[in-house]
Amino acid sequence: MPESRMPPRKLHIKSYGCQMNVYDAQRMADTLAVEGYVETTSAEDADLVILNTCHIREKASEKVYSELGRLRAAKDQAARDGRGMNIVVAGCVAQAEGEEIIRRAPMVDVVVGPQSYHHLPQLLARAKTCGRALETEFPVADKFGFLPQPSRQAIRSRGISAFVTVQEGCDKFCTFCVVPYTRGAEASRPVAKVVEDVRRLADNGVREITLIGQNVNAYHGEGPDGRPWPFGKLLYRLAGIPGIVRLRYSTSHPRDVEDTLIDAHRDLDALMPFVHLPVQSGSDRILAAMNRRHTADDYRRVIDRFRQARPDIAFSSDFIVGFPGETEEDFAATLALVGQIGYAAAYSFKYSPRPGTPAADMQETVSTADMDQRLVQLQNLIDSQQSAFNRTALGRTIDVLFDRAGRKPGQIVGRTAYLQPAHVEASDAIIGQVLPVTVASLERYSLFGTLASKPTSGEPSNHAATGGAQFQTTAGA
C-alpha cells in the first residue's frame, strides 16, 4: 500500500506595526514551513494563528485583545468541528505583557517575544504537553543563526522587493518609547550573514532590498576584516551584488548619520535618494524631554549634509504632538521645522503614554482637544508638502521599478525612487524591471503615466505578482 501522508497544517499570521514585523512574520513562516505548515489567508480555517504584535501605541495593544476575542470564537468553532486551533501572540506586546496576555486571554497557547521565534516549534510542543508556553527572555544566542533560510518558492512568492534585518534593538532610551524594553539592546548582524541573505534573495529574483532595524544606521556588524563596519560601508558592499538594482533602509536616527553613509548616497546609484529620518519635534525643549540628545539645528545640519551629497534627495519623518509639557510655542517650533525642511511624506501621531516609560510618569499632560487640533494642523501642512512634491513629477519621465499587477485589468504598478506608486497600462512581463515612465496625471498619492521606452525582451518576472516590501516607519528611531 502507498504510504499515507499527513495533510499540511494551515498557518495564518497577522502582523501589526512596522516593517520589522513583516520581516519577522516571514521568518516565522519559514521556521514553521519546516514543520509542515502552509500559509492561509483565513484565520478561521487555520490550525495555527499567530498575532505578530506592535506595542508602540496604546490602540495597537488594544487591537490585539479585540482580535483575540474574535479568535476565541473561531477556536471554539474549530473544536466543535473536531479539529484543534493553536493561538500564538508574538512580537512586542508579547514581550511587554507576557503574563498579562495569559490572564486576559486564557485561550492563547503560546506567548513569544521577538528574540525567540526560532523556538516556535518547541514552544508549540510544550503548549501541547503543558497547556501553554511563554518565552519572553532576551536569549544570549543570536536568533538569526537558528532561523531557516526561506525556500526558493517562498522568496519568489513574496515579490521582487524584500526586507532584510541588519540591526535590532535600541540603546537610545527616548522617554516615550518602549522599544529598548521590548527589542533589547542594539545588536548588529555580521556583514557576511547579511551579504549571504541578500545574495540568496537576488539569486531568486529579488531586485529591491530594504535594510531594516530599529536604528538601522547604528549598524556596527563585524566585517570580514574582523572589525566593526559602519552602515555606509555595508551599503557599498551590498550595492555590488548582481541583480540588486535598488537599496533602501529604515529607520534612521539623526545622531547616527556618519560620513560613510553620506558618501554612499553621493556615490551609489542603487541607493535610493529617499531617507526616513524621524525627528519627533521641532522644539529643543521637547527634544530634551524626549531624551533625543540632539537639537532641531542638529537635525537641520544632518539634512543639509544629505542634500549637499545628493541634491535630489527627499525625506520623510515621524512626529509626536502633545508630548507632556508641549506648549503652543513648542508646537509652533515643530511647524517651523516642517516648513523649513519640506517633506515628501511624514507620519504624525498623538502622544500615547506607554507603561514603564519615563514619559508615562510626566505630569504636564496636554489635553485631548489640544492634541487633536495640533495633529490636524500638522497633518494639513504635511499633506500640502506631499502634494506639492508629487506635483513636481507631472510631465517628467522618471524611473519606476514595477512590482505587481494593479487592481484594474492590464494595469501594472511600480514605485518611484521616492516610493510613490506609479500606474501604467502594460503586460505583467515588466514586473521586476526598472523602466522610464512619463507621468501624465496624479490621483491622491499615486502617479499615472505611460512607458517611455519598450520593456527589455526576455526578462519576465517569475514572481507571483502579489506586491513587495512597502514603506512604513520602523519604531525605535
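Backbone N, Cα and C define each Cβ position, glycine as well.
Here is what Swiss-Prot records for this protein:
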- Cys18, Cys54, Cys92: [4Fe-4S] cluster 1 binding site (BINDING)
- Cys170, Cys174, Cys177: [4Fe-4S] cluster 2 binding site (BINDING)
- 464-477: compositional bias 'Low complexity' (COMPBIAS)
- 9-129: domain 'MTTase N-terminal' (DOMAIN)
- 156-386: domain 'Radical SAM core' (DOMAIN)
- 391-453: domain 'TRAM' (DOMAIN)
- 454-477: region 'Disordered' (REGION)
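Rounded to a whole value, the Cα-Cα separation of Cys18 ([4Fe-4S] cluster 1 binding site) and Cys170 ([4Fe-4S] cluster 2 binding site) is 15 Å. Computed over the domain 'TRAM' (391-453), the whole-number mean pLDDT of the model equals 96. Counting residue by residue with DSSP, the domain 'TRAM' (391-453) contains 4 helix, 35 strand, 24 coil.
Listed binding-site residues: Cys54, Cys170. The one with the lowest count of other Cβ atoms within 10 Å of its Cβ is Cys54. Looking at Cys177 ([4Fe-4S] cluster 2 binding site) and Cys54 ([4Fe-4S] cluster 1 binding site), their Cα atoms lie 12 Å from each other. Around the Cβ of Cys174 ([4Fe-4S] cluster 2 binding site), a 10 Å sphere holds 24 further Cβ atoms from the protein chains shown. For Cys92 ([4Fe-4S] cluster 1 binding site), the same-chain residues lying six or more positions away in sequence with a CB closer than 8 A to its CB are Gly17, Thr53, Cys54, His55, Ile56, Gly113, Pro114, Val178, Val179, Thr182, Arg183. Secondary structure from DSSP puts Cys177 ([4Fe-4S] cluster 2 binding site) in coil.
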